[in-house]
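The compositional bias 'Low complexity' annotation in Swiss-Prot covers 104-114. Per Swiss-Prot, compositional bias 'Polar residues' is recorded for 153-166. Taken from Swiss-Prot, the feature N-acetylmethionine covers Met1. Taken from Swiss-Prot, the feature phosphothreonine covers Thr35, and the record attributes it to experimental evidence. Per Swiss-Prot, region 'Disordered' is recorded for 1-166. The feature region 'Essential for activity' is assigned by Swiss-Prot to 9-12, 42-54. Positions annotated as region 'Interaction with PPP1R15A' by Swiss-Prot: 143-166.
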Amino acid sequence: MEQDNSPRKIQFTVPLLEPHLDPEAAEQIRRRRPTPATLVLTSDQSSPEVDEDRIPNPLLKPSLAMSPRQRKKMTRTTPTMKELQMMVEHHLGQQEQGEEPEGAAEGTGAQESQPPGTPGTGAESRLGPSATAQKPAQPSPRAQERRGEEPSTAKTSQDSQGASAV
C-alpha cells in the first residue's frame, strides 16, 4: 500500500569512504561495550573501601547485584526490628567516627532510639528524659492528614481515650 516515495520512509545512504576500523574490530568494540546495568555494578565495586560510604543502607547492597527485572519484582517491605537495629547502629557508628556534622545528626532523631539515661546524647541532656520519651506518643499533624483526619480532632479523640483509660 505504501509507495517507496512516501514521506514517512527515510532512507540514509552512507558514503563508502576509507573506514577508520575494519568491520571485525568494530564488532569486537561493540561486543565489549558495557551495558548501563554493568556500568552501575562496576562503578560500585571499583573502590571497596569507599563502597560502604557510598551506599549508606547495607540492606540495599544485595539488591544492586540483581537485574532490573528482579528488582522490579521485589516488593518493598517495612524493615524488621533486627534490620532497624542494624540501621540505627550503622548510623550511630558514623556519628561516633565524626563523618556526619553535629547539626545534621540532631535532626535525624537517632538519639531517641537510645534508652533514657545513656550518656553521650546531647538532646537528652537539654530536654530531659521525659521529653524524649513522650515525643513519639502522638503522631505528627502531617501523618494525621495523610490518614484523612484533622489534626485538632485526632488530638482530642486521643486525649479522651487516654482519660477514659485512666
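Each residue, glycine too, has its Cβ placed from N, Cα and C.
Counted within 10 Å of its Cβ, the other Cβ atoms near the residue listed as 'phosphothreonine' come to 8, all protein chains included. Across the region 'Essential for activity' (9-12), the prediction's mean pLDDT works out to 71.
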